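Just lifted these from TrEMBL, have a look:
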type	residues	note
DISULFID	Cys95-Cys104	disulfide bond
DISULFID	Cys133-Cys142	disulfide bond
DOMAIN	68-105	domain 'EGF-like'
DOMAIN	107-143	domain 'EGF-like'
Amino acid sequence: GVSNWLAMKTASPPVLYSDGSPILGSLQWGEDEDSSPLDLCVFLDSSDDYKAKKAFCTEQHSYVCQSALKPCAPNVCQNGGNCSSCFGSTTFCECPAGFDGKTCEINIDECTSGPCQNGGSCHDDINYYTCTCPIGYQGDHCETDTDWCSNIQCPHGFICQDFTFYFQCVHPSSVARGRGVPYQCSSASCPDGMYCTQEGVAAFSCKPE
């Protein structure tokens, strides 16, 4: 986490010498306590809408002010954010994972990057997402083809054939000798969400509804 240092950074160049040349060094006022090289400072960047940013305290920044980091009263941050103030007036929020905005009011949409593959639907939640996969795909990101024949049990004597989006159960006799073993499609022939289609006398397919 950060130390108890808070500062404000102005757009460069903030200060000029009398001849017009910029001052590139670090200008600090306020606390006399030296900062450790391992301390992290929080500064408000006026060139970026005064957003709070972190940096090592020994890095060169054009500070306008510096004061001890103090909690706000009351806490104006939403969704569990922690509020801190500079000189008791300027405030900023440190937001928990999954939230953004000046007062942590924005729920970050983790689906924006399109993490679900192969036509999967993304459902955003707080700091995570879930993918609902179309029939034929599975995995956290719908990245894996469903192996129908490892999960499906065709009727006795039938052979399973995988076609990615659907599968068929075929009796060898209907292929080898041109005559079939009678089979009638029923609602129990296919998994939920798929319908059965007769494919000849001794074969049927299960496809998405």
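Cβ from N, Cα, C; glycine included.
What TrEMBL says about a protein is an automatic prediction, not a curated fact.
Computed from a predicted structure; not experimentally measured.
Tell me about the setting of these features in this model.
In this structure, Cys104 (disulfide bond) belongs to neither helix nor strand by DSSP; it is coil. Around Cys104 (disulfide bond), the C-beta neighbours below 8 angstroms that are at least 6 residues distant in the chain are Cys77, Gln78, Asn79, Gly80, Gly81, Cys93, Cys95, Pro96.
For Cys133 (disulfide bond), the same-chain residues that are 6 or more apart in sequence and have a Cβ closer than 8 Å to its Cβ are Cys116, Asn118, Gly120, Gly139, Cys142.
Here the domain 'EGF-like' (107-143) has a mean pLDDT of 94 out of 100.
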Which residues, given as numbers and ranges, are at least 6 beyond the ends of the domain 'EGF-like' (107-143) yet have a Cβ under 8 Å from it?
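Beyond its ends, the domain 'EGF-like' (107-143) has Cβ neighbours at 79, 96-100, 164-166, 193-194, 208.
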